[in-house]
Amino acid sequence: MKQFVWGALPYIAFTFLIVGTIVRYTVFERNWTTKSSQFLTKGNLPLAGPMFHLGLVMALGGHIIGVLIPKAATEAVGINEHLYHMIALGGGTPAGILFFLGFILLLGRRFGTDRMAVNTSSMDRFLYFFLFLAIFTGCAATGLNALEGGFDYRETIAPWFRSVLMLSPDISYMENVPLMFRLHMLAWMSVAILFPFSRLVHCLSAPFEYLWRSPIIYRKK
């Protein structure tokens, strides 16, 4: 079972994420949408939306740095374990708060009125469950580790993840990982599997070209 979860499931999730997304975009392009619900109710969307997305970007950036950069590399530039922990906690705490509270507010908007609730698909409900599980376990794992200490994910989870990327998964790194961290990773793998079938695909259609596009002149004097 451990071999499947930590040695095979990551590749299954990655395959669903990449292949499923390509198939949906090329074959079911008309369904490529987040199904905007602002015409039903605006609610707290102007507050919850930016909170959720900002928290997501911050958390994603922190995960990339923490997992992909080896511990030896940060120590080589003078960042010891204590300093790294303080930096990670200082950046991760506001990210987790924004991410979690933004998501809770969005859930309240989604299920706070009957009109919104009945327009929520079964896939959305599955997605919200696993997103909640992923965000909650991430915040809980960080909080518990900050209080109790004693666990360094850069010596366990990070090298395991890098071994997966190198197509040579070493599941021995996951032997003594606390339960909350394992649940966190399982939840995110579930989200990756659901990604191509859900509204999350809209993040790939963000209008990034507007950042460097020349201004449009509607009227010239």
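Quick reminder: no glycine exception, Cβ is built from N, Cα and C everywhere.
Features of the protein shown, as given by TrEMBL:
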BINDING   His53, His63, His184, His202  heme b binding site
DOMAIN    3-221  domain 'NarG-like'
TRANSMEM  6-27  transmembrane segment
TRANSMEM  47-70  transmembrane segment
TRANSMEM  82-106  transmembrane segment
TRANSMEM  126-147  transmembrane segment
TRANSMEM  186-212  transmembrane segment
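Shown on the structure are the features that TrEMBL records.
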{"residue": "His53", "record": "heme b binding site", "Cβ within 10 Å": "15"}
{"residue": "His63", "record": "heme b binding site", "Cβ within 10 Å": "16"}
{"residue": "His184", "record": "heme b binding site", "Cβ within 10 Å": "23"}
{"residue": "His202", "record": "heme b binding site", "Cβ within 10 Å": "13"}
Query raised in the report: So, does the transmembrane segment (186-212) come close enough to the transmembrane segment (6-27) to give 3+ Cβ pairs below 8 Å, pairs being at least 6 apart in sequence?
Result: yes
Query - Most Cβ pairs under 8 Å with the transmembrane segment (126-147), selected from 47-70, 82-106, 186-212 - result: 186-212
Query raised in the report: In this predicted model, what is the average pLDDT of the domain 'NarG-like' (3-221)?
Result: 88
**Report entry** Positions on the same chain near the transmembrane segment (186-212), where near means CB under 8 A and six or more residues out
**Finding:** 5, 9-10, 12-14, 16-17, 19-21, 23-25, 32-35, 123-124, 126-127, 130-131, 133-134, 137
Query raised in the report: Are there residues at least 6 beyond the ends of the transmembrane segment (47-70) whose Cβ is under 8 Å from a Cβ of it, and what are they?
Result: 88, 91-92, 94-103, 105-106, 109, 138, 153-154, 157-159, 161-162
Query raised in the report: Max Cα-Cα distance in Å among His53, His63, His184, His202, the residues listed as binding heme b?
Result: 23
